[in-house]
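Structure, as structure tokens:
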Amino acid sequence: MGLSLHPQIDNGLTKGQPGFPGGKLYCHCPSNKIEVTLGSDVLHNHACGCSKCWKPAGSLFSVVGVIPTDKVSVTANSDKLTIVDSEAVIQRNACSQCGVHMFGRIHKEHPFKGLDFVHAELSDTKGWQEPQFAAFVSSIIEQGFKPEGMDEVRAKFESVGLKTYDALSPALMDAIATWTAKRAGKL
């Protein structure tokens, strides 16, 4: 198979370390790197095929997890951060020089407000939670991927043990529905 889903997936998954304490993420600039410190491991780490997430060059998917907002702090070169799309629900903070997305934060009322979206692959520390599933898989078609190649994409995910969804995982979709029902007074 010639396609690259993501470097952390293409050759099989590396299991994370239980109780992993977190670490630092760095942009790709050769010097004066943005540094973001994460005070815990990520949760719900997954491959994402949406058109908004940052992806390594040549990859069809990003790998992104969430972490409580209070566990995220910018610890160097915050002046280089810029918001990619100020109208998006997830405010993706990227390096204004190299373009790497450092973290995404939700400021509006949303089921995931209080969680930041991060790419643990930007860390030089090993042990982060491995991807757990693949989300928004069909969305790569909207970005120009040929529909007839989707069986190969799904088979490649399945070969490394990842279930594929065209939304989020059932647990995350349940969390969204629960939040919505509570806000509507149904729960």
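Cβ from N, Cα, C; glycine included.
Annotated in Swiss-Prot:
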BINDING   Cys27, Cys29, Cys95, Cys98  Zn(2+) 1 binding site
BINDING   Cys48, Cys50, Cys53  Zn(2+) 2 binding site
DOMAIN    20-166  domain 'CENP-V/GFA'
C-alpha spacing of Cys48 (Zn(2+) 2 binding site) relative to Cys29 (Zn(2+) 1 binding site), in angstrom = 24
Say you check the Cα of Cys95 (Zn(2+) 1 binding site) against those of the binding-site residues Cys48, Cys50, Cys53; which is nearest?
-> Cys53
Secondary structure content, the domain 'CENP-V/GFA' (20-166) (per DSSP, counts of residues) = 26 helix, 49 strand, 72 coil
At the Cα level, what's the spacing in Å between Cys50 (Zn(2+) 2 binding site) and Cys98 (Zn(2+) 1 binding site), rounded?
-> 20
Would you say which of the binding-site residues Cys50, Cys98 has the most Cβ atoms within 10 Å of its own Cβ?
-> Cys50
Sorted by sequence, non-Cys27, Cys29, Cys95, Cys98 residues with Cβ within 8 Å of centre, Zn(2+) 1 = Tyr26, His28, Lys33, Ile34, Lys80, Ser96, Gln97, Gly99, Val100
Cys95 (Zn(2+) 1 binding site), number of other Cβ atoms within 10 Å | 21
